Amino acid sequence: MAELDRKELADLVRRLSVVQGCVTLSSGKQADHYVDLRRATLHHRASALIGRLMRELTKDWNYTVVGGLTLGADPVAIAIIHSPGRPIDAFVVRKYAKTHGLQRLIEGSEVSGQRVLVVEDTSTTGASALTAVRAVQDAGGDVVGVATVVDRGTGAAEAIKAEGLLYRSVLGLADLGLG
């Protein structure tokens, strides 16, 4: 990984996304800080860094499509597909299938028969990533691994690896001065 880019991203995430105070995470766990990574993934400079760093992090994984559970994964996937390198397409996993139109759970690029990278913005327990993994597998996709921008160090890596999947992250809480 380009260390200067990684340090710059950590600085941006710390400045834009770290919120101090007691919060309830999506897992139901309590924390004394929150990493609202959408503030970084939707920032012009941070998004470009995320795209480059995620491509670098997963360069040895052979995948053609990237995405994950909406909403956190969406800007991460878009950053990756717009980062320089080989062509990669994106998809979005809805939390629930639509009840009208095509009633799809997965929108965007087709995942059936494809090698797929599942992404997240921030990982806590890995539940969101694993929800996306199951949806992709049910749709006929081959998940090559899971990558996240920030790993909170609270069980996501272990849960994802327990499912037999590769797992990597760009940053940990220590990189943000929180660990």
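Every residue, even glycine, has its Cβ placed from backbone N, Cα and C.
Worth saying up front: this structure is predicted, and the values here are computed from it rather than measured.
The 5-phospho-alpha-D-ribose 1-diphosphate binding site annotation in Swiss-Prot covers ARG94, LYS95, LYS98, HIS100, GLU120, ASP121, THR122, SER123, THR124, THR125, GLY126, ALA127, SER128. Here Swiss-Prot flags THR124, ARG152 as orotate binding site.
Location within the structure of each feature annotated in Swiss-Prot.
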residue: ARG94; record: 5-phospho-alpha-D-ribose 1-diphosphate binding site; Cβ contacts under 8 Å, 6 or more apart: THR70, ARG104, LEU105, ILE106, GLU107
residue: LYS98; record: 5-phospho-alpha-D-ribose 1-diphosphate binding site; Cβ contacts under 8 Å, 6 or more apart: ARG104
residue: GLU120; record: 5-phospho-alpha-D-ribose 1-diphosphate binding site; Cβ contacts under 8 Å, 6 or more apart: GLY68, LEU69, GLY72, ALA73, VAL76, SER128, ALA129, VAL146, ALA147, THR148, VAL149
residue: THR122; record: 5-phospho-alpha-D-ribose 1-diphosphate binding site; Cβ contacts under 8 Å, 6 or more apart: VAL35, LEU37, GLY72, THR148, VAL149, VAL150, ASP151, ARG152
residue: THR124; record: 5-phospho-alpha-D-ribose 1-diphosphate binding site; Cβ contacts under 8 Å, 6 or more apart: LEU25, SER26, SER27, LYS29, ARG152, THR154, GLY155, ALA156
residue: GLY126; record: 5-phospho-alpha-D-ribose 1-diphosphate binding site; Cβ contacts under 8 Å, 6 or more apart: VAL146, GLY155, ALA156, ALA157, GLU158, ALA159, ILE160, TYR167
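Look at THR124 (5-phospho-alpha-D-ribose 1-diphosphate binding site): DSSP puts it in coil. When the record's 5-phospho-alpha-D-ribose 1-diphosphate-binding residues ARG94, LYS95, LYS98, HIS100, GLU120, ASP121, THR122, SER123, THR124, THR125, GLY126, ALA127, SER128 are compared pairwise by CA position, the greatest distance found is 32 Å. In the three-state DSSP reading, ARG152 (orotate binding site) counts as coil.
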